[in-house]
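*Asks:* Sharing a structure here in structure tokens format.
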Amino acid sequence: MDLKIPKHVAIIMDGNGRWAKEKGKIRLEGHRQGAINLEKIIEHSVKIGVKYLTVYAFSTENWKRPEKEVNGLMELFAKYLDTKKKSLKKQGIRLLVTGTKENISEKLLKKIEETEKYLEDCEKMIFNIAFNYGGRKEIIDAINKIIKDKKETVDEKEFARYLYRPEIPDPELVIRTSGEFRISNFLLWEIAYSEFYVTDVYWPDFTPEEYDKAILAFNKRDRRYGGLNVK
Ligand code: FPP
């Protein structure tokens, strides 16, 4: 069977905390294992021909978590950028970080900028990390940019150009791990016509085989974009 591979896959990496709890470990250990798992999923994305992979690593709502967990996630992300950039370069993967800069330390912002720059020539796949990201915030930020530009009206196409990453096409497939049927403020504008796939598997246990199941399910969907699929 000739499989259709979604050009852009977006993943809500949920269940790190539950994974850790079931193993009697602290929550941060779940996030660490989640970061390790990401490697396999990035590799598999390139292997099957995905061109854009977006992952939800930290939401604008995640600041409400205990300080220790928030700091741990910040450190994990900084360490991730430091330790993975060479391997991303080797694989030809360009990294983008998408979200608001608000509340992020100068040091981390500088690291993000440097890492993006280091990988800017890579062309095999764009790996987009949604970090300090909120869908509503992205829309409000776009509206404020439009007001600043003194536009009286905009259409959908023009509006989309004011979002954080206008160069990235909308995701065709959104995957959420650990069984919740929620969108959690993720890519609200961009997912208007995305297919949604939910698996019970916790993110640290989401293997390439589980990923393939999502791709297979995507292939079985009848995508009509609001129209009729008359054959
Ligand atoms: C949701 O699981 C996960 C997060 C809020 C963080 C996701 C972060 C990673 C996978 C870390 C790696 C990413 C990078 C780029 C370094 P949860 O904690 O809400 O799980 P729970 O619902 O079981 O409590």
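Placement of Cβ uses the backbone N, Cα and C atoms for every residue, glycine included.
A quick note: this is a predicted structure, and the numbers were derived from the prediction, not measured.
Here's the feature list from TrEMBL:
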BINDING   Asp14, Glu195  Mg(2+) binding site
ACT_SITE  Asp14  active site
BINDING   15-19, Arg27, His31, 59-61, Trp63, Arg65, Arg176, 182-184  substrate binding site
ACT_SITE  Asn62  active site, proton acceptor
*Asks:* Filter the candidate list Asp14, Gly17, Ile183 of binding-site residues, keeping only entries whose CB is under 6 Å from an atom of ligand 1.
*Replies:* Asp14, Gly17
*Asks:* Please compare the binding-site residues Asp14, Glu195 by how many other CB atoms fall within 10 Å of each one's CB, and tell me which has the fewest.
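*Replies:* It is Glu195 that, of the binding-site residues Asp14, Glu195, has the fewest other Cβ atoms within 10 Å.
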*Asks:* Helix, strand or coil: which one is Trp63 (substrate binding site) in, per DSSP?
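*Replies:* Its secondary structure by DSSP: helix.
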*Asks:* Tell me the Cβ neighbour count for Ile183 (substrate binding site), meaning other Cβ atoms within 10 Å of its Cβ, over all protein chains shown.
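*Replies:* Other Cβ atoms within 10 Å of Ile183 (substrate binding site): 15.
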*Asks:* Fewest neighbouring Cβ atoms within 10 Å: which of the binding-site residues Trp19, Trp63?
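*Replies:* Comparing Cβ neighbour counts within 10 Å for the binding-site residues Trp19, Trp63 gives Trp63.
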*Asks:* Roughly how many angstrom lie between the C-alpha atoms of Trp63 (substrate binding site) and Asp14 (Mg(2+) binding site)?
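*Replies:* Counting only the Cα atoms, the answer is 16 Å.
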*Asks:* Whole-number Å only: compute the distance from the Cα of Asp14 (Mg(2+) binding site) to the Cα of Arg176 (substrate binding site).
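*Replies:* So the Cα of Arg176 (substrate binding site) lies 7 Å away from that of Asp14 (Mg(2+) binding site).
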*Asks:* Neighbour count, 10 Å Cβ-Cβ cut-off, for Thr60 (substrate binding site): what number do you get?
*Replies:* 18
*Asks:* Measure from the CA atom of Gly15 (substrate binding site) to the CA atom of Glu195 (Mg(2+) binding site) and give the result in Å, rounded to a whole number.
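*Replies:* Rounded to the nearest whole number, the Cα-Cα distance is 21 Å.
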*Asks:* Between Gly15, Gly17, which of the binding-site residues has the fewest other CB atoms within 10 angstroms in the structure shown?
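*Replies:* Each of the binding-site residues Gly15, Gly17 was scored by Cβ atoms within 10 Å; lowest is Gly17.
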